[in-house]
Amino acid sequence: MACIDNAMRALFLLALFCVVHGEKAKSKDNDAKASGPGGSFDITKLGASGNGKTDSTKAVQEAWASACGGTGKQTILIPKGDFLVGPLNFTGPCKGDVTIQVNGNLLATTDLSQYKDHGNWIEILRVDNLVITGKGKLDGQGPAVWSKNSCVKKYDCKILPNSLVMDFVNNGEVSGITLLNSKFFHMNMYKCKDMLIKDVNVTAPGDSPNTDGIHMGDSSGVTITNTVIGVGDDCISIGPGTSKVNITGVTCGPGHGISIGSLGRYKDEKDVTDINVKDCTLKKTANGVRIKAYEDAASVLTASKIHYENIKMEDSGYPIIIDMKYCPNKLCTANGASKVTVKDVTFKNITGTSSTPEAVNLLCTAKIPCTGVTMDDVNIKYSGTNNKTMAVCKNAKGSAKGCLKELACF
């Protein structure tokens, strides 16, 4: 019996040894499998290479699958290095809260055949409580493909991949990172709610096509703060159906300014309301703070309760502009009147210099005038010497006080 007991004990110890070491090996070989609440997934331990040449798409996708499938707080680590990846799809809902820690750089493939029609580079869908943070970069490598952009020439065009797209994301945060040289828009939010964008840098050449910095549509509760944006299109663009937006401490330039719109291009667009832009600086931008609606608008909608305050212009073109006959590159299909209503807009303490004589442009339509426009302490001077500072105001109704006399439209 003793022999049997000793043999059983030996077998038990051997089995235990195998189980323990087997689990260690399994854990070492596959760090992507979460074993309980909380977890961290380093993409280099899943096969990613930081040499900037090896395709690391599979490793990043595996890290997402494991982090999204784990409970508690999960972290995907992008360590220092340059990681080449193709299109990434991060789909929820997730069982826990996921943080993507970007310490290194993700480089987008320049092979457009890898992107499906109207595809994006990094697309995040139906994920709540997402955090993307770090000091690394999301590099769209746009210079390699910008020449293939046809949207600057024709109305109906094939869109190049956006860099970071978040759809149906609630209570999300993007902080600290740099978005660089997107092929199209750098960041695009659609039907998102309660989003915080802070301490972000967005960078592309001033002549890069359609490289909007941050765009949002059909979203609410978006805050953008302490962010520097220099791009080839709008620094920030607020699309239809958006409300409760707060933009503070943003430096914009180069770029086309901070815009609401374009509005009315597509059918069934929804209203824009409760937009606040405060304590921002615009440097050598093509436009300043702008509201724009297509002159051949397909939708009837209203933009209202819009407040601009403490905005400094540094040699920006058209610092204040409401354009209800917007028609980029003269590609509109008809010379019609916009169906968009603009009302209850305040410009308060807007100062600095303009690169164009027209420091204020309120270009509304006779059929639907702009109403409730308040200009309070607007003091912008033309920086040139060949003309004088002026305002161009058509079909706009409101009040002005404390403004440079040349800019008081009312």
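Each residue, glycine too, has its Cβ placed from N, Cα and C.
Marked as signal peptide by Swiss-Prot: 1-22.
ASN89 (N-linked glycosylation site) falls within a strand when secondary structure is assigned with DSSP. ASN89 (N-linked glycosylation site) has a Cβ environment of 12 other Cβ atoms inside 10 Å. According to Swiss-Prot, the feature N-linked glycosylation site maps to ASN89 (among others).
The repeat 'PbH1 1' annotation in Swiss-Prot covers 192-218. Confidence in the repeat 'PbH1 1' (192-218), given as mean pLDDT, stands at 98.
In sequence order, ILE177, THR178, LEU179, THR227, VAL228, ILE229 constitute the residues six or more apart from ASN201 (N-linked glycosylation site) in its chain with CB-CB distances below 8 Å. Residues or ranges marked as N-linked glycosylation site in Swiss-Prot (evidence: sequence analysis): ASN201 (among others).
Residues 186, 189-213, 246-264, 266, 269-272, 275, 282, 285, 299, 301 of the same chain lie 6+ residues outside the repeat 'PbH1 2' (219-240) yet bring a C-beta within less than 8 angstroms of a C-beta in it. For 219-240, the entry in Swiss-Prot reads repeat 'PbH1 2', with the evidence type sequence analysis.
All chains included, 24 other C-beta atoms sit within 10 angstroms of the C-beta of ASP233 (active site, proton donor). DSSP gives ASP233 (active site, proton donor) a coil state; it is part of no helix or strand. Residues or ranges marked as active site, proton donor by Swiss-Prot on the basis of similarity to another entry: ASP233.
Annotation for CYS235 (disulfide bond): same-chain Cβ neighbours under 8 Å, separated by at least 6 residues, are VAL202, ASP212, GLY213, ILE214, ILE229, VAL250, CYS252, GLY253, GLY255, HIS256, GLY257, ILE258, LEU282, THR285. Summarising the annotation, Swiss-Prot assigns disulfide bond to CYS235-CYS252 (among others).
Annotation source Swiss-Prot lists repeat 'PbH1 3' at 242-262. The repeat 'PbH1 3' (242-262): residue composition by secondary structure is 0 helix, 15 strand, 6 coil, according to DSSP.
Swiss-Prot lists ASN246 (among others) with the feature N-linked glycosylation site, giving sequence analysis as the kind of evidence.
Taken from Swiss-Prot, the feature repeat 'PbH1 4' covers 272-293.
What Swiss-Prot records for 337-377 is repeat 'PbH1 5'. When DSSP labels each residue, the repeat 'PbH1 5' (337-377) comes out as 0 helix, 29 strand, 12 coil, counted as helix, strand and coil in that order.
Under the heading N-linked glycosylation site, Swiss-Prot lists ASN349 (among others). Cβ neighbours within 10 Å of ASN349 (N-linked glycosylation site), excluding its own Cβ and spanning all shown chains: 16.
Under the heading disulfide bond, Swiss-Prot lists CYS364-CYS370 (among others). Counting every protein chain shown, 25 other Cβ atoms lie within 10 Å of the Cβ of CYS370 (disulfide bond).
Cβ neighbours of ASN387 (N-linked glycosylation site) (same chain, under 8 Å, six or more residues apart in sequence): PRO357. In the three-state DSSP classification, ASN387 (N-linked glycosylation site) falls within coil. According to Swiss-Prot, the N-linked glycosylation site annotation covers ASN387 (among others).
Counting every protein chain shown, the number of other Cβ atoms lying within 10 Å of the Cβ of CYS409 (disulfide bond) is 20. DSSP assigns CYS409 (disulfide bond) to coil in the three-state reduction, placing it in neither a helix nor a strand. Sequence annotations record features per position, and here Swiss-Prot assigns disulfide bond to CYS393-CYS409 (among others).
When Cβ atoms from all protein chains are considered, those within 10 Å of CYS252 (disulfide bond) total 30, not counting its own. For CYS393 (disulfide bond), applying a Cβ distance below 8 Å and a minimum sequence separation of six or more within one chain yields VAL360, ASN361, LEU362, CYS409, PHE410. When the recorded positions ASP233, CYS364, CYS370 are compared by Cα distance to ASN89 (N-linked glycosylation site), the shortest distance belongs to ASP233. Between the CA atoms of ASN246 (N-linked glycosylation site) and ASP233 (active site, proton donor) there is a gap of 20 Å, rounded to the nearest whole number. Annotation for the recorded positions ASN246, CYS364: lowest Cβ count within 10 Å of the residue's own Cβ, ASN246.
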